[in-house]
Amino acid sequence: LKPQVRKNNFRYYQPKQALIFQKITLLKSFNLTLKEIKLYIRRNDLLINLFANQVKTLEQQKNILEKRINKAKEFSNSLKNQNLLVTPKIKTINLYWIYALKKQGRYVDIASHQREVFQLAEDKYYHFPGITIFHNHGYSPHDSKMTTGVYLGDTQPQPKPKLQIITVPEHKTVSYIHIGSYSYMSYVWQFVDQYVIEHKLKCHPDLDCREIYWRGSLAEKNEENLVTELQVPIL
(Lines of atoms letter the chains of each structure in order from A; the text may use other names.)
(Lines give C-alpha, C1' and ligand atoms only; values in the text may rest on other atoms or scores of the structure.)
Protein backbone atom coordinates (compact mmCIF):
# COMPACT_ATOMS: atom_id res chain seq x y z
CA LEU A 1 0.00 0.00 0.00
CA LYS A 2 1.43 3.35 -1.03
CA PRO A 3 1.04 6.11 1.58
CA GLN A 4 -0.29 9.59 0.79
CA VAL A 5 2.35 12.35 0.71
CA ARG A 6 1.81 15.84 2.13
CA LYS A 7 4.06 18.85 2.30
CA ASN A 8 7.49 18.36 3.86
CA ASN A 9 7.39 14.75 2.62
CA PHE A 10 5.08 13.78 5.45
CA ARG A 11 3.53 10.44 4.56
CA TYR A 12 0.37 8.95 6.03
CA TYR A 13 -2.21 6.27 5.36
CA GLN A 14 -5.85 7.09 4.86
CA PRO A 15 -8.44 5.26 7.02
CA LYS A 16 -9.51 3.16 4.02
CA GLN A 17 -5.92 2.08 3.48
CA ALA A 18 -5.61 1.09 7.14
CA LEU A 19 -8.67 -1.15 6.71
CA ILE A 20 -7.16 -2.72 3.60
CA PHE A 21 -3.95 -3.36 5.54
CA GLN A 22 -5.97 -5.12 8.23
CA LYS A 23 -7.71 -7.18 5.56
CA ILE A 24 -4.27 -8.20 4.25
CA THR A 25 -3.29 -9.22 7.78
CA LEU A 26 -6.47 -11.31 8.06
CA LEU A 27 -5.79 -13.09 4.76
CA LYS A 28 -2.15 -13.70 5.72
CA SER A 29 -3.36 -15.43 8.89
CA PHE A 30 -4.85 -18.11 6.60
CA ASN A 31 -1.43 -18.65 4.97
CA LEU A 32 -2.34 -17.05 1.65
CA THR A 33 0.51 -15.98 -0.59
CA LEU A 34 0.98 -12.37 -1.70
CA LYS A 35 -0.22 -13.32 -5.18
CA GLU A 36 -3.41 -14.83 -3.72
CA ILE A 37 -3.97 -11.83 -1.44
CA LYS A 38 -3.81 -9.48 -4.44
CA LEU A 39 -6.60 -11.51 -6.04
CA TYR A 40 -8.90 -11.31 -3.01
CA ILE A 41 -8.05 -7.87 -1.66
CA ARG A 42 -10.67 -5.99 -3.68
CA ARG A 43 -13.03 -8.86 -4.48
CA ASN A 44 -15.29 -9.53 -1.50
CA ASP A 45 -17.49 -11.67 -3.75
CA LEU A 46 -14.70 -14.25 -3.91
CA LEU A 47 -14.31 -14.55 -0.16
CA ILE A 48 -17.21 -17.01 0.24
CA ASN A 49 -15.43 -19.64 -1.84
CA LEU A 50 -12.10 -18.80 -0.22
CA PHE A 51 -13.31 -19.40 3.31
CA ALA A 52 -15.39 -22.43 2.30
CA ASN A 53 -12.20 -23.98 0.88
CA GLN A 54 -10.29 -22.95 3.99
CA VAL A 55 -12.82 -24.82 6.14
CA LYS A 56 -12.25 -28.01 4.10
CA THR A 57 -8.46 -27.65 4.26
CA LEU A 58 -8.39 -26.91 7.98
CA GLU A 59 -10.78 -29.80 8.72
CA GLN A 60 -8.39 -32.13 6.90
CA GLN A 61 -5.45 -30.77 8.87
CA LYS A 62 -7.45 -31.13 12.09
CA ASN A 63 -8.19 -34.76 11.24
CA ILE A 64 -4.49 -35.46 10.62
CA LEU A 65 -3.46 -33.73 13.85
CA GLU A 66 -6.06 -35.64 15.88
CA LYS A 67 -4.77 -38.93 14.49
CA ARG A 68 -1.19 -37.97 15.32
CA ILE A 69 -2.22 -36.97 18.85
CA ASN A 70 -3.99 -40.31 19.31
CA LYS A 71 -0.96 -42.15 17.94
CA ALA A 72 1.38 -40.25 20.28
CA LYS A 73 -0.89 -41.13 23.24
CA GLU A 74 -0.91 -44.78 22.17
CA PHE A 75 2.90 -44.90 21.94
CA SER A 76 3.29 -43.11 25.28
CA ASN A 77 0.90 -45.47 27.10
CA SER A 78 2.43 -48.52 25.48
CA LEU A 79 5.96 -47.53 26.47
CA LYS A 80 4.81 -46.95 30.06
CA ASN A 81 2.93 -50.24 30.37
CA GLN A 82 4.84 -52.66 28.14
CA ASN A 83 8.14 -50.90 27.48
CA LEU A 84 7.34 -51.37 23.79
CA LEU A 85 6.35 -48.74 21.25
CA VAL A 86 3.17 -50.66 20.37
CA THR A 87 1.00 -53.12 22.28
CA PRO A 88 -0.31 -55.94 20.05
CA LYS A 89 -3.28 -58.12 20.97
CA ILE A 90 -3.82 -61.87 20.73
CA LYS A 91 -7.01 -62.89 18.94
CA THR A 92 -8.59 -65.76 17.05
CA ILE A 93 -8.90 -65.49 13.27
CA ASN A 94 -11.73 -67.33 11.54
CA LEU A 95 -11.15 -69.31 8.36
CA TYR A 96 -10.77 -67.13 5.26
CA TRP A 97 -9.92 -67.42 1.57
CA ILE A 98 -7.57 -65.47 -0.65
CA TYR A 99 -6.74 -65.16 -4.32
CA ALA A 100 -2.95 -65.39 -4.43
CA LEU A 101 0.18 -64.89 -6.52
CA LYS A 102 3.66 -65.99 -5.50
CA LYS A 103 6.25 -63.23 -5.72
CA GLN A 104 9.89 -62.67 -4.84
CA GLY A 105 11.56 -59.28 -4.63
CA ARG A 106 11.55 -55.96 -2.81
CA TYR A 107 9.13 -54.60 -0.27
CA VAL A 108 8.83 -51.43 -2.35
CA ASP A 109 7.20 -53.47 -5.12
CA ILE A 110 4.33 -54.71 -2.93
CA ALA A 111 1.94 -52.06 -4.28
CA SER A 112 2.72 -53.16 -7.83
CA HIS A 113 2.12 -56.81 -6.90
CA GLN A 114 -1.16 -55.85 -5.26
CA ARG A 115 -2.27 -53.97 -8.35
CA GLU A 116 -1.54 -57.05 -10.47
CA VAL A 117 -3.43 -59.51 -8.28
CA PHE A 118 -6.47 -57.23 -7.99
CA GLN A 119 -6.53 -56.87 -11.77
CA LEU A 120 -6.45 -60.65 -12.22
CA ALA A 121 -9.19 -60.99 -9.59
CA GLU A 122 -11.28 -58.49 -11.60
CA ASP A 123 -11.69 -56.20 -8.60
CA LYS A 124 -10.69 -52.94 -10.24
CA TYR A 125 -12.39 -50.81 -7.57
CA TYR A 126 -10.65 -52.62 -4.67
CA HIS A 127 -13.79 -53.71 -2.86
CA PHE A 128 -11.84 -56.35 -0.95
CA PRO A 129 -8.82 -55.81 1.30
CA GLY A 130 -5.36 -56.77 0.09
CA ILE A 131 -2.94 -59.10 1.85
CA THR A 132 0.78 -59.89 1.74
CA ILE A 133 2.22 -63.02 3.36
CA PHE A 134 5.97 -62.92 4.07
CA HIS A 135 7.74 -66.28 3.87
CA ASN A 136 11.21 -65.11 4.92
CA HIS A 137 12.12 -65.01 8.59
CA GLY A 138 13.26 -61.54 9.58
CA TYR A 139 13.65 -58.28 7.71
CA SER A 140 14.34 -58.85 3.99
CA PRO A 141 13.58 -55.61 2.15
CA HIS A 142 15.49 -56.47 -1.05
CA ASP A 143 14.82 -60.17 -1.62
CA SER A 144 11.67 -61.38 0.08
CA LYS A 145 9.58 -64.42 -0.79
CA MET A 146 5.98 -63.26 -0.63
CA THR A 147 2.43 -64.20 -1.46
CA THR A 148 0.42 -61.21 -2.62
CA GLY A 149 -3.31 -61.63 -2.50
CA VAL A 150 -6.90 -60.45 -2.29
CA TYR A 151 -8.54 -61.14 1.08
CA LEU A 152 -11.99 -62.65 0.39
CA GLY A 153 -13.26 -63.38 3.90
CA ASP A 154 -15.24 -66.58 4.49
CA THR A 155 -16.84 -66.75 1.03
CA GLN A 156 -15.34 -69.54 -1.07
CA PRO A 157 -14.22 -67.96 -4.36
CA GLN A 158 -14.59 -69.15 -7.92
CA PRO A 159 -11.40 -70.11 -9.78
CA LYS A 160 -9.66 -67.36 -11.76
CA PRO A 161 -7.00 -67.82 -14.46
CA LYS A 162 -3.41 -67.41 -13.17
CA LEU A 163 -4.56 -67.11 -9.55
CA GLN A 164 -4.11 -69.64 -6.76
CA ILE A 165 -6.89 -70.06 -4.19
CA ILE A 166 -5.60 -70.43 -0.63
CA THR A 167 -7.67 -71.43 2.39
CA VAL A 168 -6.36 -70.01 5.66
CA PRO A 169 -7.63 -72.11 8.59
CA GLU A 170 -8.85 -70.76 11.89
CA HIS A 171 -5.90 -69.86 14.11
CA LYS A 172 -4.62 -67.57 16.81
CA THR A 173 -2.53 -64.55 15.93
CA VAL A 174 -0.65 -61.68 17.48
CA SER A 175 -2.27 -58.63 15.89
CA TYR A 176 -1.52 -54.93 15.70
CA ILE A 177 -3.54 -52.34 13.76
CA HIS A 178 -1.27 -49.73 12.18
CA ILE A 179 -2.96 -46.51 11.05
CA GLY A 180 -0.91 -44.28 8.78
CA SER A 181 1.98 -44.38 6.35
CA TYR A 182 3.76 -47.52 5.17
CA SER A 183 7.07 -45.63 5.32
CA TYR A 184 7.91 -46.75 8.87
CA MET A 185 5.96 -50.02 9.03
CA SER A 186 9.10 -52.19 9.16
CA TYR A 187 10.09 -50.26 12.29
CA VAL A 188 6.70 -51.06 13.85
CA TRP A 189 7.04 -54.72 12.85
CA GLN A 190 10.10 -55.18 15.06
CA PHE A 191 8.02 -54.35 18.15
CA VAL A 192 5.37 -56.90 17.17
CA ASP A 193 8.14 -59.50 16.82
CA GLN A 194 9.61 -58.40 20.14
CA TYR A 195 6.21 -58.87 21.80
CA VAL A 196 6.15 -62.48 20.56
CA ILE A 197 9.64 -63.13 21.95
CA GLU A 198 9.07 -61.45 25.32
CA HIS A 199 5.80 -63.32 25.91
CA LYS A 200 7.42 -66.63 24.85
CA LEU A 201 4.80 -67.27 22.20
CA LYS A 202 5.34 -70.02 19.64
CA CYS A 203 4.95 -69.06 15.98
CA HIS A 204 2.64 -71.20 13.88
CA PRO A 205 4.75 -73.65 11.82
CA ASP A 206 2.43 -73.54 8.79
CA LEU A 207 1.33 -69.89 8.73
CA ASP A 208 3.72 -67.00 8.11
CA CYS A 209 3.60 -63.34 9.11
CA ARG A 210 1.25 -61.19 7.08
CA GLU A 211 -0.15 -57.75 6.47
CA ILE A 212 -3.82 -57.18 5.71
CA TYR A 213 -4.58 -53.84 4.07
CA TRP A 214 -8.05 -53.10 5.39
CA ARG A 215 -7.75 -49.67 3.83
CA GLY A 216 -4.93 -49.93 1.34
CA SER A 217 -3.01 -47.44 -0.75
CA LEU A 218 -4.62 -48.55 -4.03
CA ALA A 219 -8.01 -47.25 -2.91
CA GLU A 220 -6.99 -44.65 -0.29
CA LYS A 221 -4.71 -41.87 -1.52
CA ASN A 222 -4.29 -40.12 1.85
CA GLU A 223 -1.59 -42.13 3.61
CA GLU A 224 -2.74 -40.82 7.00
CA ASN A 225 -5.93 -42.90 6.53
CA LEU A 226 -4.28 -46.21 5.63
CA VAL A 227 -5.27 -49.08 7.93
CA THR A 228 -2.99 -52.13 8.01
CA GLU A 229 -3.19 -55.14 10.31
CA LEU A 230 0.14 -56.79 11.15
CA GLN A 231 -0.27 -60.45 12.11
CA VAL A 232 2.06 -63.12 13.51
CA PRO A 233 0.15 -66.44 13.59
CA ILE A 234 0.84 -68.44 16.77
CA LEU A 235 -0.05 -71.80 18.32
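Please read every residue number as a count from 1 along the shown chain.
Any Cβ shown, glycine's included, is placed from N, Cα and C.
Among the features that TrEMBL reports, coiled coil is placed at 48-82. Taken from TrEMBL, the feature domain 'AraC effector-binding' applies to 86-235.
Residues belonging to the coiled coil (48-82) score a mean pLDDT of 86 in the model. Residues of the domain 'AraC effector-binding' (86-235) grouped by DSSP class, helix first, strand second and coil last, total 31 helix, 59 strand, 60 coil.
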